[in-house]
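Student: Here's a structure for you.
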Amino acid sequence: MGARCRSFSALLLLLQVSSWLCQQPESESDSCRPGFSSEVYTFLVPERHLERGHILGRVKFEGCTGRPRTAFFSEDSRFKVSTDGVITVKRHLKLHKLETSFLVHAWDSSYRKLSTKVTLKSLGHHHHRHHHRDPVSESNPELLTFPSFHQGLRRQKRDWVIPPINCPENQKGEFPQRLVQIKSNRDKETTVFYSITGPGADKPPVGVFIIERETGWLKVTQPLDREAIDKYLLYSHAVSSNGEAVEDPMEIVVTVTDQNDNRPEFIQEVFEGSVAEGALPGTSVMQVSATDADDDINTYNAAIAYTILSQDPELPHKNMFTVNRDTGVISVVTSGLDRESYPTYTLVVQAADLQGEGLSTTAKAVITVKDINDNAPIFNPSTYQGQVLENEVGARIATLKVTDDDAPNTPAWNAVYTVVNDPDHQFTVITDPKTNEGILKTAKGLDFEAKQQYILHVTVENEEPFEGSLVPSTATVTVDVVDVNEAPIFVPAEKRVEVPEDFGVGLEIASYTAREPDTFMEQKITYRIWRDTANWLEINPETGVISTRAEMDREDSEHVKNSTYTALIIATDDGSPIATGTGTLLLVLSDVNDNAPIPEPRNMQFCQRNPKPHVITILDPDLPPNTSPFTAELTHGASVNWTIEYNDAEQESLILQPRKDLEIGEYKINLKLSDNQNKDQVTTLEVHVCDCEGTVNNCMKAISLEAGLQVPAILGILGGILALLILILLLLLFLRRRTVVKEPLLPPDDDTRDNVYYYDEEGGGEEDQDFDLSQLHRGLDARPEVIRNDVAPTLMSMPQYRPRPANPDEIGNFIDENLKAADSDPTAPPYDSLLVFDYEGSGSEAASLSSLNSSESDQDQDYDYLNEWGNRFKKLADMYGGGEED
């Protein structure tokens, strides 16, 4: 272990620094002065070619920061300065001069930049490399001593930095193994005990390094792993037997040197790249990359070299690609890449450390050959024919088919069609994104009367320009135009006519006609108005002459916009099918002074006390000069209580206010307004004077209705209506409570008649010679009034009954006429009501009551003649004509 862990050059450097410190006066050691130990450092290099990681030497800097490490900066980016001052080569380089100089910077505790110059001197090629002894990394010193001072035991003002101790990782053998012995110069004066502190000693990982207490031998207790910890910073201590420090702590840096124990690892298992077909040799395709956990600065253990092991397919050449040994960039080395033949290549790439001589690993690189436009699309077939109806836009004419050997759905495959001989851009070709076919359509309507057939030449290319000298393919398309009945066309499509608004009724405004585009057809055109919202116009269907049918009004805001009235006229031909064209008639109505000015508002409220004036705006729908300036005047005595004055110089508004305090109530103000052309009008303003002061907020005016009636009049009207309703209710109540006195149909048994006698015995003749004809009226005139209360009464005329005649001979006619009146009487009692007749009349066929049963034949018992008297006597006939008794 001792031979591999020694560094004679480091020991020499330590002794030189120690000697220099011993020669310094005491005054300089008392204060810390920041700066480099030398203004110029000169390092000898064996040859001009320097490999990466080569150690040149070390610079020393005191920053007075109390920290053992310092950040350095090299102005030459080819060199790296670590925090311990060691200068190494960052990458392979060649020194073109015998001397190369650069500056190294560092900063002190006050952030002041300090610099030193580093010079490299080349010894030339005759000095072989193994004759050069590296001052830092060759071996470790066998003995390290604490610095000594002239004046006894004192704590030094600056840290004591020694060269690092190198120890290889993964050491085999028995442990612990000695690294270096630490010795104090005062071990002859007193017994000295040694100890170490820091990570790896008394801090995690604890126990990696130990020191023999009496001898000062620093030992390592286990194999080291540089990939885990590449450097240990320890502090050695020397104390006397009584525990007093005899030396200041000394920094010990143990650097773990690398062994090639890690193989390279690709950052990806499969790398993907692409290159255009036909790429020239030297074209970069992609880059593969691998990493190695070993030391890539001081050793070649992580120096990776790349090679291609295999290529699949090995066509058209075995080695189509090459890889840069150092960078891993894969490039084309042979021409002949053709996507249509070999679209992909798979390479097996190896990465090996020790510049290709050490551990290795492999990965795949998949290279896709990108398509270029080296194949032109070809029409198949190259001639087409189609037809289209005239005036149709976007009509499909033909489908153009092409073939292209390039990769589908790429710019080199996507077809772009162009109609060569189409100067008016009447046609267009749209590419179907799925099939790559070209759809030929009309971009504008075609006119059969202008041209009946088109012969088009269509070329096809790709979105991506052609590679090389490819020629676009051309197809010929014959298009036949089919004639259709076209609608008449108004000339112009929008006709503007200016007329005064008082143009009159029945007068001709203009002639608006359309032309027939179908010149090969003889068709008749008729006209009619399609839209005339105000019904002002009429048109001659044969000639297209438009006339007025009603008075026009420019101020009609519903139908007139910006003094323009719009009407739509249609023209219809008699073709098959019928076609209709539309034209627009714009009537610009010039203004006439047909409107007098009016005030706004017309209803106002004033306070009775200290009233605020009101502003009245004058409105006139006419146009200048038939409007302002306006003239205003109070008429019909309104100026007695009110005053007006103009509110502006244009006289377009007025100020109205009362002349004096007025009573609360309503006032009518007649205001005459005239425009600039003396068109005037008198308008009545309604003004309410309220019980308030100043500005009207809540108008307290006399209680009145808007109709103008006073309260007493309203109360009188309501009282009359109420009295009439009460009278009607009383009348109805009286009618319902009226009592009807009915006379009995038959007289009581004890009723004594003067001329009627009763006979209780048979035989003899009738003695009643005297009779009273007034009794015949009991069934008609003296009948009780019958009123139905189950239905609403109907209004109808009462039947007229004939009065009793004075002549007894007319009694028959009297009965017949009154019988008919009774039959038509709706208020008559039911048919089965009992009627009493006290007088039988003269000439009775019955000589006596005793002879009723003495009839000798059925003729005598026939009562059918009673049916001739009406329904009322039918019951009587049924009662007495039922047949003979048993």
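Cβ atoms are placed via backbone N, Cα and C, with glycine included.
Copying in the features that Swiss-Prot gives for the protein in this structure:
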- D261: Ca(2+) 1 binding site (BINDING)
- 380-490: domain 'Cadherin 3' (DOMAIN)
- 491-597: domain 'Cadherin 4' (DOMAIN)
- 598-701: domain 'Cadherin 5' (DOMAIN)
- S284: O-linked glycosylation site (CARBOHYD)
- S289: O-linked glycosylation site (CARBOHYD)
- T362: O-linked glycosylation site (CARBOHYD)
- T474: O-linked glycosylation site (CARBOHYD)
- T476: O-linked glycosylation site (CARBOHYD)
- T513: O-linked glycosylation site (CARBOHYD)
- N562: N-linked glycosylation site (CARBOHYD)
- T580: O-linked glycosylation site (CARBOHYD)
- T582: O-linked glycosylation site (CARBOHYD)
- T584: O-linked glycosylation site (CARBOHYD)
- N641: N-linked glycosylation site (CARBOHYD)
Student: Count the residues of the domain 'Cadherin 5' (598-701) that DSSP assigns to helix (H, G, I), to strand (E, B) and to coil, and report the three numbers in that order.
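Tutor: Final tally across the stretch: 3 helix, 56 strand, 45 coil.
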Student: If I restrict to non-local contacts, at least six residues apart, and a C-beta distance under 8 angstroms, what lies near T476 (O-linked glycosylation site) in its own chain?
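Tutor: Those within reach of T476 (O-linked glycosylation site), by Cβ under 8 Å and sequence separation of 6 or more, are S382, T383, Y384, I455, L456, H457, V458.
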Student: Can you tell me which of the recorded positions D261, S284, T362, T513, N641 is spatially closest to T474 (O-linked glycosylation site)? Compare CA atoms only.
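Tutor: Of the recorded positions D261, S284, T362, T513, N641, S284 has its Cα closest to that of T474 (O-linked glycosylation site).
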Student: Of all the recorded positions given, namely D261, T362, T513, T582, T584, which is spatially nearest to S289 (O-linked glycosylation site) at the Cα level?
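Tutor: Going through D261, T362, T513, T582, T584 one by one, the Cα closest to that of S289 (O-linked glycosylation site) is T362.
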Student: Based on DSSP, tally up the residues of the domain 'Cadherin 4' (491-597) by helix, strand and coil.
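Tutor: Per DSSP, the residues of the domain 'Cadherin 4' (491-597) fall into 0 helix, 47 strand, 60 coil.
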Student: Rounded to the nearest Å, what's the C-alpha distance separating T362 (O-linked glycosylation site) and D261 (Ca(2+) 1 binding site)? Just drop the number here, would you?
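Tutor: The separation of the Cα atoms works out to 17 Å.
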Student: Would you mind reading off the Cα separation of T584 (O-linked glycosylation site) from T513 (O-linked glycosylation site), to the nearest angstrom?
Tutor: 11
Student: Have a look at the glycosylation sites (S284, N562, N641) and report the one with the fewest Cβ neighbours inside 10 Å.
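Tutor: Ranked by other Cβ atoms within 10 Å, the glycosylation sites S284, N562, N641 bottom out at N562.
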Student: Quick one: pull the CA-CA distance for N641 (N-linked glycosylation site) versus D261 (Ca(2+) 1 binding site), whole Å only.
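Tutor: Their Cα atoms are separated by 121 Å.
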Student: Measure from the Cα of D261 (Ca(2+) 1 binding site) to the Cα of every one of the glycosylation sites S284, T513, N562, T580, T582, then give the nearest.
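Tutor: That would be S284, the closest of S284, T513, N562, T580, T582 to D261 (Ca(2+) 1 binding site).
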Student: Restricting the comparison to the glycosylation sites S284, T513, N562, which residue's C-alpha is spatially nearest the C-alpha of T582 (O-linked glycosylation site)?
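Tutor: Nearest candidate: T513.
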Student: Looking only at the domain 'Cadherin 3' (380-490), how are its residues distributed among DSSP helix, strand and coil?
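Tutor: Tallied per class, the domain 'Cadherin 3' (380-490) gives 0 helix, 51 strand, 60 coil.
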Student: Sort the glycosylation sites S284, T513, T580 by C-alpha distance from N562 (N-linked glycosylation site) and give me just the closest.
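Tutor: Closest candidate to N562 (N-linked glycosylation site), judged by Cα separation, is T513.
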